[in-house]
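> When I checked TrEMBL for this same protein, it listed these features:
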type	residues	note
ACT_SITE	C76	active site
ACT_SITE	C76	active site, proton donor
ACT_SITE	C224	active site, proton acceptor
BINDING	N15, Q47, N67, G77, N78, N163, N197, E215, R216, G225, S226	substrate binding site
Amino acid sequence: MAHAIPFARMNGLGNEILVADLRGQTKRITPDAARALAARAETHFDQIMAIHDPVTPGTSAYIRIINSDGSESGACGNGMRCVVQALAAETGERDFVFETRAGLLEAREREDGMLTVDMGKPRFDWQAIPLSEEFADTRAIELQIGPIDAPILHSPSVASMGNPHAIFWVSEDVWSYQLDRFGPILEHHPLFPERANISLARVTSKASLDLRTWERGVGLTKACGSAACAAAVCAARTGRTGRSVTITVPAGGELLIEWLDNDHVLMTGPAEWEWSGTLDPETGAFSRDEAALETAS
Ligand SMILES: N[C@H](CCC[C@H](N)C(=O)O)C(=O)O
């Protein structure tokens, strides 16, 4: 591999993340490389967080977010926590300002090792999400799946956290719905010209909810940080919860989401390093570091 770059396999509450270091060079991870990495069990991922040199002065890095189908997103909460943990370990710094396609965001590693990312301000206007037709009130839009007179899922809240989200409120266990069947249909629904992340949320108290997500460009994942933020703000906005919510995700872990008075959404949770290696950003060929292999064997 002539052009190998370092990367780390990590996860954020089970959301499978590759953090790739492209600082100091102009190369980008190609969609083909992303799909090749996603197709192999060892490197199968939900998102690649590609760290590039900063573009805007005063920022720590520019982060490109790549889904497993090779498409790009403006936000990835779980991946951003992984980036913070990796860079904090490398530099000893705790506070960072990152730039993504969706703008600037601040993040930090706390003393207790938890990672907090300021996911910015949610957007609720229909053009920002975006929707393909006008809805004056996005707290509940007209969209349903199942029989017309007895829909299985209906009236989602929609929001943008830098990426599009639809949140369907359910009263049964989030596992009792066939999200693997409905997810792809709703992700590609004509109402969402840029497709959408589709979540099922069950409110369990005024300060907690269970969440399961079908991710745009990926499929079912074990957790989705930006969906957790979207679900929390939509829950607060519709009076289902207060503005501070603990979200339980399928892998069993928890994220704390706080919607501050200044409209910013803070997400706090863990990240975990699994192993490191090098990869070719053009082909996706990779190898694991020997030290990691020794530890694993
Ligand atoms: N796993 C991510 C979401 C990735 C977003 C992506 N699926 C899209 O919007 O295309 C998260 O923790 O926020």
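Using N, Cα and C of the backbone, Cβ positions are placed for all residues, glycine too.
Where the annotation comes from TrEMBL, it is an automatic prediction and has not been curated.
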> For each of N78, N197, count the other CB atoms within 10 A of its CB; which of these binding-site residues has the top count?
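Of the binding-site residues N78, N197, the most buried by Cβ count within 10 Å is N78.
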> Translate the DSSP assignment of N78 (substrate binding site) into the three-state scheme.
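It is helical.
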> May I ask for the distance between N67 (substrate binding site) and C76 (active site), taken between their Cα atoms and rounded to an integer number of Å?
10
> Return the residues near R216 (substrate binding site), defined as same-chain residues 6+ apart in sequence whose C-beta is under 8 angstroms from its C-beta, sorted by sequence, else 'none'.
N67, S71, S73, N163, P164, E187, R195, A196, N197, I198
> To the nearest whole angstrom, state the Cα distance for the pair C76 (active site) and N15 (substrate binding site).
10
> What other residues of the same chain, not counting N15, Q47, N67, G77, N78, N163, N197, E215, R216, G225, S226, have a CB atom within 8 A of the CB centroid of the substrate site?
D46, I65, S73, A75, C76, G79, T213, V218, T221, C224, A227
